[in-house]
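A.B. asks: Below is one structure. I have some questions about it.
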């Protein structure tokens, strides 16, 4: 295997892993605060279509990515009001958000089907990407570096920052956190909005970096894989990074096998591989953790302040 | 009465906000509401379409509701629906040259078994390894679609079908008979009503029904009462998978009359909304299925008459679920202003009634 091909494959892995990493880190923070938002897929789709629409109409993909974050955070705000203020069932509301995002993105995206957009491509000057090895370091979309930085930032926030420790306290024991005087609902609102913004950014990666176009259901269930990765990561940012890149590898295998004309296995089997891998990974992680779980203690439970 | 209030308010709010939203998006908002939710009701042909679309939605939703009651979140109905359709199609293809009244019932049975088999995967993973059924059942939807594509492009492709990725047409003995001759209304429609009545009786009158309700409402009491967590998961997923598979083969042997790659139409996801809008009650679900069927039927006609995008249907459906979840709080809690109710007294009870329960609480604390 030539160096060029190897570098190309490694870069594809990073590309496939990045949206899973960004959306997964967002959901990880949300769940650490004690809220389960199953609407990641819907928020990613809203982000993908908003990013695409703004990038094509302004010609500025960066603006598209920012708008994607804003739009998905807005969708997350609907979820937050329902589950935090109105104490609606989190599972049902998350599903509703995904169904909503799928519909709204198809509606907004209808006029954009079949056109291409300026992409959020490599940012470093050409001379830094002239050789394969340099390209491996400097040749990525800015979002790839952002994903790595975000991993570090979320780790630091949850383990070293005061605000992060408060967020974890809220997720582990909302009533105790409330008794001490921490604003449980405010913390959860902020966490959910952050999770939404990250899902939106991850969604825009699909429409602005991976494929510079829009199609209905563009994210194809990747939001659900991101949620599964949070479980796989045992709610730890470092393991989230490992899990996302592992899945990047699985998805790249599919692409490479197709490109190489590999026909020992039906293409449908390859297309189903990421989903089968997700189930397998969940089974392994659950078997390894038999009897206990690393989930935040208050995950998915509504909080109502005692009068 | 309050149980009925939330769905009615939710539908009303959806119409109102939907009209405003679509006007803001540059469409004829009020025209869209009229076209989707009102016009089809005055057209006898559309009524046939409504019943035919409501039947699979109701059957799937009834199965899901049994699980939702027990907090088992099967969201893999779409995949179980596909597998039901595929299993029944397998029988149809094997019996293509045969005749007899036994073929169709056999297809229906295999449809149910196919859905159950697909739902058995998350059930087994949950009960043996503790894998969350939400994620595993959902992932299997994507796997089921690929399985369908594989069979359509490969082993099950009609050899005389000009290379189209679809099976041969089912024979007369393999398709659902029409209950009203000259209409679209096939056997699946009365079967949906029968499923609803059966499920209603099971939930209201049997120990199994009681188990599903108790596990959902009071998990600790259920455990003390001897209801096993594993059996609850199995019952929930077998009911959900079996009925989704049943709906799948009814669609394949009914409106489709063969198996095609376009078979998955999202009913498995829409049925989640139907289950909630019907208050997880089999009879309520029949009504809710008609409302959601209306969004499909009306949405289709609005596409041709006023050029509303196809995606509008999904937006209306999701809004309905959002508003239902939002209005639910009005049912579960009564708003009490300021200090009107003394602490510890549940709202909505007079002080005299509440006194003993207040005392009980103090003792327990």
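Keep in mind that glycine also has a Cβ here, set from the backbone N, Cα and C atoms.
Okay, so TrEMBL annotates it like this:
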- B:342-365: region 'Disordered' (REGION)
- B:50-68: transmembrane segment (TRANSMEM)
- B:80-96: transmembrane segment (TRANSMEM)
- B:102-125: transmembrane segment (TRANSMEM)
- B:134-152: transmembrane segment (TRANSMEM)
- B:184-203: transmembrane segment (TRANSMEM)
- B:224-249: transmembrane segment (TRANSMEM)
- B:269-294: transmembrane segment (TRANSMEM)
- B:306-326: transmembrane segment (TRANSMEM)
A.B. asks: Which of B:50-68, B:102-125, B:224-249, B:269-294 shares the most C-beta pairs under 8 angstroms with the transmembrane segment (B:184-203)?
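C.D. replies: Between the stretches B:50-68, B:102-125, B:224-249, B:269-294, B:50-68 has the largest tally.
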A.B. asks: For the transmembrane segment (B:80-96), could you work out the same-chain residues 6 or more beyond its ends whose Cβ comes under 8 Å from its Cβ atoms?
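C.D. replies: The answer is 56, 60, 74, 103, 106-108, 110-119, 141, 144-145, 147-148, 151, 156, 167-168, 170-171, 173-174, 240-241, 244-249, 251-253, 258-259, 263-264, 267-268.
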A.B. asks: Tell me, please, if the transmembrane segment (B:102-125) and the transmembrane segment (B:134-152) are in contact, taking contact as 3+ Cβ pairs under 8 Å between residues separated by 6 or more positions?
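C.D. replies: Between the transmembrane segment (B:134-152) and the transmembrane segment (B:102-125), which are separate recorded stretches, there is contact, as judged by 3 or more close Cβ pairs.
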A.B. asks: Between the stretches B:134-152, B:224-249, B:269-294, which wins on the count of C-beta pairs under 8 angstroms to the transmembrane segment (B:50-68)?
C.D. replies: B:269-294
